[in-house]
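The following features are taken from Swiss-Prot:
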- Lys350: active site, nucleophile (ACT_SITE)
- 108-112, 134-136, Glu140, Asp257, Gly304, 329-330, 363-364: NAD(+) binding site (BINDING)
- Glu139, Glu140, Asp262, His309, Gly335, Ser336, Asp337, Glu344, Ala345, Val346, Ser347, Trp348, Gly349, Lys350: spermidine binding site (BINDING)
Amino acid sequence: MSDINEKLPELLQDAVLKASVPIPDDFVKVQGIDYSKPEATNMRATDLIEAMKTMGFQASSVGTACEIIDSMRSWRGKHIDELDDHEKKGCFDEEGYQKTTIFMGYTSNLISSGVRETLRYLVQHKMVDAVVTSAGGVEEDLIKCLAPTYLGEFALKGKSLRDQGMNRIGNLLVPNDNYCKFEEWIVPILDKMLEEQDEYVKKHGADCLEANQDVDSPIWTPSKMIDRFGKEINDESSVLYWAHKNKIPIFCPSLTDGSIGDMLFFHTFKASPKQLRVDIVGDIRKINSMSMAAYRAGMIILGGGLIKHHIANACLMRNGADYAVYINTGQEYDGSDAGARPDEAVSWGKIKAEAKSVKLFADVTTVLPLIVAATFASGKPIKKVKN
């Protein structure tokens with residue numbers, strides 16, 4: 001202690017000059033990127049993420065999210081030949097080894113945005129095993145195949161836009177004509193689906209409802225309807241198209257909460273007295289059964305609300321997910337599910353206590369492209385970890 005400090009009152013010494021405990025050897029030093037160094041120029045996404053891990057705040061959470069995604073992708077269990085028949089219900093890799101079942105959820109605004117192409121990439125290349133989205137996440141994907149969405153501004157006035165037939169999603173603009181084109185496209189499909197439903201009921205009788213787990217049965221569930229839309233749109237820019245082609249189910253428990261709901265409502269008048277029926281119970285059985293069959297379960301939740309809880313609740317059926325990555329801007333002070341951190345889900349049994357989890361507080365559009373570039377699309381081989 002210096003001479004000056006020795007002359008300070010003891011109270012000041014204790015308050016301001018309090019000694020620290022010894023720093024543990026495993027403490028990580030905060031450090032950012034030194035762009036004056038040659039290796040910091042033209043960095044790959046993987047290198048950038050590695051450097052962000054030690055920056056602190058949400059940059060470190062981005063790094064943690066990438067680590068967890070890599071972990072859920074790398075886990076491997078037994079080979080299918082080592083299993084009894086009743087154990088062969090989960091997901092397997094191309095070599096026949098058990099792998100993590102990855103559930104991805106996203107809100108409709110992300111499909112409206114340019115993140116749609118990132119989400120399509122993940123489904124196109126079979127990097128997720130099931131999807132949960134809201135009605136807008138279904139219809140906006142289809143509508144973008146028919147007409148584009150445009151960049152606007154957050155500050156554009158609602159009255160003026162309404163007069164011009166322009167719908168605003170944040171700083172995006174969707175011409176109302178897009179929804180008119182959507183109606184023209186979807187109504188004939190709904191007509192055909194109703195026809196197939198009626199023919200099936202006539203052939204099999206009322207008991208055909210018992211066969212609703214038959215994927216070819218036109219007793220429609222939301223996921224079956226969405227699969228049909230993906231088949232009908234036949235457009236490689238579409239998430240739904242690739243989900244249909246790769247047999248990846250897209251669940252939407254709120255299918256009527258959007259333009260699709262409007263179309264179904266309009267169709268009730270057109271088809272009356274006949275009605276298209278949609279069974280939500282069939283889908284809750286399907287997604288919960290997927291969770292129960294999973295050898296390990298991972299959640300990638302982009303946004304909040306229904307899509308977040310629907311996946312988390314499915315994971316409750318297996319006593320919790322093994323991995324969880326949340327990305328949203330929700331805060332927990334109001335008790336909202338969107339704002340809740342992973343530890344709250346642990347209390348409900350929706351995430352395992354020993355699970356790897358993180359909540360990244362960020363706008364998905366700003367971080368997901370970077371995260372995907374550093375993980376799913378990095379080009380680096382998956383380091384398969386057998387356990």
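Each Cβ is built from the backbone N, Cα and C atoms, and glycine gets one as well.
Structure with Swiss-Prot features highlighted.
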| residue | record | Cβ contacts under 8 Å, 6 or more apart |
| --- | --- | --- |
| Ser112 | NAD(+) binding site | Gly136, Glu140, Thr149, Ile169, Leu172, Val174 |
| Gly304 | NAD(+) binding site | Thr107, Tyr326, Asn328, Gly330, Ser336, Asp337, Ala338, Gly339 |
| Gly335 | spermidine binding site | none |
| Ala345 | spermidine binding site | Ala312, Gly320, Ala324, Ile351 |
| Ser347 | spermidine binding site | none |
| Gly349 | spermidine binding site | Leu316, Asn319, Gly320 |
| Lys350 | active site, nucleophile | Ala312, Asn313, Cys315, Leu316, Gly320, Ala321 |
| Val364 | NAD(+) binding site | Tyr106, Leu110, Val115, Leu302, Gly303, Ile327, Asn328 |
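In this structure, the CA atom of Asp262 (spermidine binding site) is 16 Å away from the CA atom of Ser108 (NAD(+) binding site).
Using a 10 Å radius centred on the Cβ of Asp262 (spermidine binding site) and all shown protein chains, the other Cβ atoms total 15.
Counting every protein chain shown, the number of other Cβ atoms lying within 10 Å of the Cβ of Glu139 (spermidine binding site) is 26. According to its DSSP assignment, Asp262 (spermidine binding site) is helical.
Rounded to a whole number, the distance between the Cα atoms of Glu139 (spermidine binding site) and Ser108 (NAD(+) binding site) is 9 Å. For Leu110 (NAD(+) binding site), the count of additional Cβ atoms within 10 Å of its Cβ stands at 23 [all protein chains shown]. Here the binding-site residues are Glu140, Asp337, and the one ringed by the most other CB atoms within 10 angstroms is Glu140. Listed in sequence order, Ser108, Cys252, Ser254, Leu255, Thr256, Asp257, Gly258, Ser259, Ile260, Gly261 are the same-chain residues at least 6 apart in sequence whose CB falls under 8 Å from the CB of Ala135 (NAD(+) binding site).
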